[in-house]
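Asks: Below you will find the structure I want to go over with you.
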Amino acid sequence: MVNLKAGTRPPWVGLGAAVWVQIASGNAYNFPLYSHSLKSVLGFNQHQLTMLGVANDVGENVGLIPGIACNKLPPWVILLIGAFACFFGYGVLWLAVSSKVQSMPYWLRVEAEWTLFTWFRDYQIDLWLALCVATNSSAWLSTAVLVTNMRNFPLSRGTVAGILKGYGGISAAVFTEIYSTLLRNSSSKLLMFLALGIPVLCFIVMYFVRACTPALGEDSSEHAHFLFTQGALIVLGLYVLTTTILNHIFHFSALISNTFLVIMVVLLMAPFAIPIKMTFHRIRVSKPEMHHQPVESSDSLIQEDNADKTEPLLKSSSSAAALGSFRENVEASEVAMLLAEGEGAVKKRRRPKRGEDFRFTEALIKADFWLLFFVYFVGVGSGVTVLNNLAQIGSAQGVHDTTILLSLFSFCNFLGRLGGGIVSEHFVRSKTIPRTIWMTCTQVMMIIIYLLFASSFDGIVYAATALLGICYGVQFSIMIPTVSELFGLKHFGLFYNFMSLGNPLGAFLFSGLLAGYVYDTEAAKQQVPNLLSSSSISCSGPNCFRLTFLVLAGACGFGSILSVILTRRIRPVYEMLYAGGSFRLPQASIH
């Protein structure tokens, strides 16, 4: 059994620490910052580079092992594994880019002779594997903090997912600030920073990311704390975007740039203000009247650290009453099931209903599970194709400063993640509107965005990149709470990481097989025939990615149709879960 930390303050300490881990887990978004070095130093063409981009996404999103491990190991062990993956993976990449060794060790070079693996010969299997290991740290780090905090705040899943994924979205802009200010635009220094800095951070905060006793009643102070965290995140996002743009325009001195960096670190510390405030200003809860409050068992009381006072876990509120009636119905059905089993009428376990805790094998046979997977696959798979090729897309359309485009995408990605959580949480509680309706809206918008990319109007790449970042972020913040609401929190880590496979699958199909091939084909048409080498040719003009964008637009059209079908199917589930304006937590989902 996992020892749960009791009290109202520890979950907020864990959330503050999770913010830093979530920033670190965004290390996979740095690929555009050093991809040009891989291409130039190693002499790759665009097709080879996009296959490394696929490795980047495979490592980041293949998290089935972390999903299984999070139910068997404490969070600090998950963080430790992620730290070691980051150290070894980025360490190998640093050796390659910095030319510290002329060639990779012999034992890392695999000359595949089987037909199934012949494509590896052209893509430096050693670097491919190293990049997979490096970015797989993201899966371990993100799973540890996301699963832990979703369980610590089970009644605010959309809000917590939006906050954590919002920090994950802004991580690219944070790393870009560090890259341009502290590391002076050096790819080799960035890889060394990732190899050493992230493991050190994990060692510092791993003690604070821990399972806590969840509060199952609604608290006005909790709502205020979430608003403060969201506000701090918005301020951080605006600050990082503004300073990045200003630094590129005015080229500030090292002193001013470092001052900007220090202020950014202070803003990242903002979530810790909540537990500090709770330490100095403890919330005193008056005891309820006995004739208004039924007698609670000792299990429904929690102890605030070492204080003498105890606080009811479920407060007398309308939501608590609804939760109580919901539990009574569940308990009655379970009693009836036990009686039936005792009489021999039932031979096997009752299958869970949507909203209860599913086992992985039980969820795999549900149509809603696969509909959500394919909707998410289209949204993030098409978006990550643009992200992996952002440097080349900008260059083809006359924009050569990758850091500005990446910062813009990162900021808008953060807005989409945070806004998706806030907006979906509001409408699901007030109107019982399924969260997936917002996936439908954003995918319809993505059709227009890809058509704008394909049009290649002057300056359209900035607006299209910003809009795509918002839509891309919404897909994350909607998928996460939707999975937990439909299939429960007990195996949430496994469900979340299985859904995340849509990202590398989309990257392989849309980016590796389509975008890279189209780019190199067009670049070959533009190439002067007498060049001595064509290993690192470039392409310019709208035709470099036009066909790719048209295919992505068609894929999002198909995804929009699937999203409409999914939303109609799960509407009754949300009407049941959020009847009365508050989430009714199934008993099987309480941790």
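Backbone N, Cα and C atoms are what each Cβ position is placed from, and that goes for glycine too.
Below are the features I grabbed from TrEMBL:
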type     : residues : note
DOMAIN   : 11-276   : domain 'Nodulin-like'
TRANSMEM : 76-97    : transmembrane segment
TRANSMEM : 127-147  : transmembrane segment
TRANSMEM : 159-179  : transmembrane segment
TRANSMEM : 191-212  : transmembrane segment
TRANSMEM : 224-246  : transmembrane segment
TRANSMEM : 252-274  : transmembrane segment
DOMAIN   : 364-574  : domain 'NFD4 C-terminal'
TRANSMEM : 369-391  : transmembrane segment
TRANSMEM : 403-424  : transmembrane segment
TRANSMEM : 436-454  : transmembrane segment
TRANSMEM : 460-482  : transmembrane segment
TRANSMEM : 494-519  : transmembrane segment
TRANSMEM : 545-566  : transmembrane segment
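Thinking about packing and proximity, how do these listed features fit into the structure?
Replies: In this model, the domain 'Nodulin-like' (11-276) carries an average pLDDT of 82.
Residues 21, 25, 27, 34, 37-38, 41-42, 59, 66, 69-70, 104, 108, 126-127, 130-141, 143-144, 187-188, 191-192, 194-196, 198-199, 202-203, 205-207, 209-210 of the same chain lie 6 or more positions beyond the ends of the transmembrane segment (76-97) yet place their CB under 8 Å from a CB of it.
Under 8 Å from some Cβ of the transmembrane segment (159-179) lie the Cβ atoms of residues 15, 18-19, 22-27, 29-30, 33, 142, 145-146, 149-150, 153, 185, 190, 193, 226, 229-230, 233, 236-237, 240-241, 243-244, 260-261, 264, 268, 403, 406-407, 409-411, 413-422, 425, 469, 473, 476-477, 480-481, all in the same chain and six or more residues away from its ends.
Sequence-remote contacts of a segment are chain residues at least 6 beyond its ends whose Cβ falls under 8 Å from one of its Cβ atoms, and for the transmembrane segment (191-212) they are 2-7, 10-11, 13-14, 16-18, 20-21, 24, 27, 30, 34, 74-76, 79-80, 82-84, 86-87, 89-91, 93-94, 97-98, 134, 137, 141, 144-145, 148, 151-152, 178, 182-183, 591.
Long-range Cβ contacts of the transmembrane segment (224-246) within its own chain (Cβ-Cβ under 8 Å, at least 6 residues beyond either end) map to 12, 15, 156, 159, 162-163, 166-167, 170, 173-174, 176-177, 180, 252, 260, 263-264, 267-268, 270-271, 273-274, 403-404, 407-408, 411, 414-415, 418, 422.
Only residues 6 or more beyond the boundaries of the transmembrane segment (403-424), in the same chain, are considered here, and those with a CB under 8 A from a CB of the stretch are 29, 32-33, 158-163, 165-173, 176, 179-180, 185, 230, 233-234, 237-238, 240-241, 244-245, 248, 387, 390-391, 394, 435, 438, 442, 461-462, 465-478, 481.
Residues 146, 150, 157-158, 161-162, 165-166, 168-169, 372, 376, 379-380, 383-384, 386-387, 390, 393-394, 397, 399, 405, 408-421, 424-425, 434-436, 438-439, 442-443, 445-446, 449, 452-453, 496, 499 of the same chain, all 6+ positions outside the transmembrane segment (460-482), place their C-beta atoms under 8 angstroms from a C-beta of that stretch.
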Asks: Taking the transmembrane segment (494-519) as the reference, which of 127-147, 252-274, 369-391, 436-454, 545-566 gives the largest number of Cβ pairs under 8 angstroms?
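Replies: Stretch with the highest Cβ contact count: 369-391.
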Asks: Hey, which bits of the same chain come close to the transmembrane segment (369-391), Cβ under 8 Å, at least six residues off its ends?
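Replies: That would be 29, 31-32, 35-36, 50, 53-54, 56-57, 363, 402, 405-406, 409, 436, 439, 442-443, 446, 450, 453, 465, 468, 471-472, 475-476, 479, 482-483, 486-487, 498-499, 502-503, 505-507, 509-511, 514-516, 519, 545, 548, 552, 555-556, 558-559, 562-563, 565-566, 569.
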Asks: Sequence-remote contacts (6 or more beyond its ends) of the transmembrane segment (127-147), Cβ cut-off under 8 Å?
Replies: 17-18, 21-22, 24-28, 38, 42, 51-52, 55-63, 66-67, 70, 75, 78-79, 81-83, 85-86, 88-90, 92-93, 96, 104, 108, 120, 161, 164, 168, 194, 198, 202, 209, 480, 492-493, 496-497, 500
